[in-house]
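Student: Here it is, the structure, as structure tokens.
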Amino acid sequence: MENKGAIELLLKNRTHSRVPSDAKEFHEVTKRDALRQLERELENLVKTAPDDKKDNFKDEMKSFASLFGRFLQEDGPSVEWNRIEKLPDGAVKEYASLNSPSNNEEIRAMLNKLVVVKLNGGLGTSMGCHGPKSVIPVRNDLTFLDLTVQQIENLNKTYGANVPLVLMNSFNTDEDTEKIVRKYTGFQVNIYSFNQSCFPRISRDSLLPVARRYEVADNMEAWYPPGHGDFYESFQNSGLLKQFIKEGREYLFLSNIDNLGATIDFKILDRLLGKSQDGVCHEFVMEVTDKTRADVKGGTLIQYENKLRLLEIAQVPNEHVDDFKSVKTFKFFNTNNIWAKLDAIERVLNENRMNMEIIVNNKTLENGLRVIQLETAVGAAMKVFENAIGINVPRSRFLPVKKTSDLLLVMSNLYSLKNGSLIMSPQRMFPTTPLVKLGDNHFSKVKEFLGRFANIPDIIELDHLTVSGDVTFGRGVSLRGTVIIIANHGDRIDIPPGAILENKIVSGNMRILDH
């Protein structure tokens, strides 16, 4: 298809504007042509695969063609703003209203019906680290993966249970993760892993794959993992879904591996599997928490066409983005901690009803080529399950480490470590975490960040910290209230050992020299 104008029109169609009826027929022809050309290119790609990989690769490309076909068919917004309904009573349960199970036998029985899944497809590159993000040390030289294994092993030992850990890797993390997982051989946790799909990036100009050959390693930029919504199909294809159902397991608990607050929760488990079931089988539970100004871009829950569903900022018409960000209008946001019934996942997949909104992610490759990657979000499947609910959980269940500012929090005396779980210090007067902003130029990479602190400051009484420029911290520094430290370009500020900064602004140049 050489008509670049037609392609641009086709892509514009996905924005929030009406298409004149006389253009529709033209668009339909353009779409059919685009799909046919893509399928032809995918067939050529499959031919380049080794014989022992061909069948799997063919299935993967078939899934991609299906996703691409849906992308072409989706005209306009997936949500019409004026059709969003008020959340019905009971759609979001309060965590405080849930019961805590106390009988160890009951807890053991519930744990044995559970599978823990961690999304492990991301790299640590944004924080200046090589390899999977899950192997970045976050506390006492323990990595995200170490802490996860410790948490589950502790429960297995304490209750005589057998909760397995499942890692969903991507082609970016699979090889390294497989090597690292070997060190847990002696632990009381069965660890399984599988790979999510590997899809070809599409040229924005031609709507055809950038990749020319099967070998991903030869041209990593031509491929991408298609978001965590790919979990369901890849989990089934791995054979693990069927295996766990055969074992008598009923629910999975899925979360991002970098969310240190996402631990197995007995109150939620009891609601799904224990004595406090309300007579309704909830096939899908999304943990949400109260939205703050720091979370305005996070997905939220809405009622739409009589179903509870996830609304992401990418689905919001431009004129309603401010409404979406309003803490008053949408009080909750999605933590991406998901509980789902295994046999319900199997049923929905077998009925071919796993229909998730497509997120179009535009990227520019290093060579300047503009590409599109089509992704889906795991929480977007909520609408296809029966009796789905949200549970409004404490903020402590959402503790992601995306930047070094988050790392500062989890490494500090704000938390103590117990059996792989971070527990907020009882000395903290209020349960909210401080707002921390560290300048990108000097603090964004883990190695740089660690080099600027003789040790992590005492932040038990900190509300807000902003640091910008060339700043270092001596040993035993205490930060309280609101502290702003700005070193102007060319200046350096050394905060001296033992300094106590309370509601202070420090700027200019303050350098401590050895003599």
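Cβ from N, Cα, C; glycine included.
Because TrEMBL annotations are produced automatically, they should be read as predictions rather than curated entries.
Found this in TrEMBL, in case it helps:
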- Lys133, Gln196, Gly227, Asp258, Lys402: UTP binding site (BINDING)
- His228: substrate binding site (BINDING)
- 28-55: coiled coil (COILED)
Student: Provide, as an integer number of angstrom, the distance between the C-alpha atoms of Lys402 (UTP binding site) and His228 (substrate binding site).
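Tutor: About 16 Å separates the two Cα atoms.
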Student: If you count Cβ atoms within 10 Å of the Cβ of Lys402 (UTP binding site), leaving out that atom itself, what do you get?
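Tutor: There are 14 such Cβ atoms around Lys402 (UTP binding site).
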Student: Just jot down the residues in the same chain as Gln196 (UTP binding site), at least 6 apart in sequence, with C-beta under 8 A of its C-beta; none if empty.
Tutor: Gly121, Met168, Asn169, Ser170, Pro225, Pro226, His228, Asp230, Phe231, Ser234
Student: Over the span of the coiled coil (28-55), how high is the average pLDDT in this prediction?
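Tutor: Within the coiled coil (28-55), the model's average pLDDT equals 89.
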